[in-house]
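Undergrad: Would you mind keeping the following structure in view while I ask a few things?
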Amino acid sequence: MASQVLSRPLVTAKWLSEAVRAGRVGASLRILDASWYPPQERNARQEFKERHIPGASFFDIEECRDQSSPYDFMLPSESHFADYVGRLGVSNDTHVVVYDGDALGTFYAPRAWWMFRAFGHKEVSVLNGGFKNWVKEGHPVTAEVSQPAPAVFKARLNRALLKTFEEMIQNVGSLKFQVVDSRPEGRFRGVELDQGLESGHIPGAVNIPFRSFLTEGGHEKSIEEIQEIFREKKVDLSKPLTATCRKGVTACHIALAAYLCGKRDVAVYDGSWSEWFHRAPERYKVSELKRNKG
């Protein structure tokens with residue numbers, strides 16, 4: 001029974017608050033705040049210092065990435081990830097619960113969830129509803145920053161959960177796997193700028209904006225509702241599937257939603273549109289705006 005609990009992709013605020021109250025946060029259970037915001041809007045680390053879930057540590061996505069890449073938030077090396085999460089007290093036996101403070105309920109937490117899975121860690125869950133709903137439901141918060149005892153984490157990259165630019169280019173011709181893009185419809189269609197970048201999509205990709213999977217309150221929709229969303233878009237969960245977005249973050253919402261439906265092998269194109277825009281041939285950038293101009 002314990003292993004079933006540990007392999008759940010989602011945990012409720014009630015479950016986590018009971019774990020906090022029972023003093024279970026420690027070597028076997030770590031809580032990580034994976035919030036990130038545009039610097040001009042909010043300061044994630046400062047907000048964490050002011051209030052967070054008791055016992056939580058700050059998972060800095062800016063630090064835990066490939067610093068040498070020209071693209072945002074690319075996966076770090078195995079050794080970088082292992083060293084980073086080990087300093088947060090996470091070992092290979094730790095159940096990790098990730099959350100973030102986004103106004104939507106959940107934004108960056110699925111990225112952290114996917115990163116752990118990509119490096120071979122199975123016991124990782126997203127806090128359903130995020131910090132927003134944790135606070136709304138009246139669960140405790142603190143400004144006290146805990147210092148977890150360092151742990152040893154051994155990372156092994158699971159290549160099946162990751163797609164490279166070269167594999168994505170090859171797939172345009174071979175169509176070996178389905179591609180789902182989680183960005184808003186206007187950016188997918190290429191009719192609105194994406195943070196100053198011309199937008200559009202990879203040929204053959206299907207658009208399911210990541211917000212489709214969240215309720216108005218910020219919780220994950222039911223499995224039945226999620227299955228219906230995939231069905232409506234003619235995405236076959238029995239076949240290979242890769243998720244993409246702007247920079248490999250909201251694509252992880254696709255991976256999480258599919259995981260809830262029993263599909264555990266969704267890959268993420270880490271470079272996503274940021275890389276595709278700069279490296280792909282023009283004919284491989286589908287844009288209504290470009291077509292209309294032409």
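Positions of Cβ are set from backbone N, Cα and C atoms, glycine also.
Since this is a predicted model, take the numbers as computed values, not measurements.
From TrEMBL, here are the annotated features:
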- 25-143: domain 'Rhodanese' (DOMAIN)
- 176-285: domain 'Rhodanese' (DOMAIN)
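Would you situate these features in the structure and describe their surroundings?
TA: Across the domain 'Rhodanese' (25-143), DSSP assigns 34 helix, 19 strand, 66 coil.
Helix, strand and coil residue tallies for the domain 'Rhodanese' (176-285), in that order: 40 helix, 18 strand, 52 coil [DSSP].
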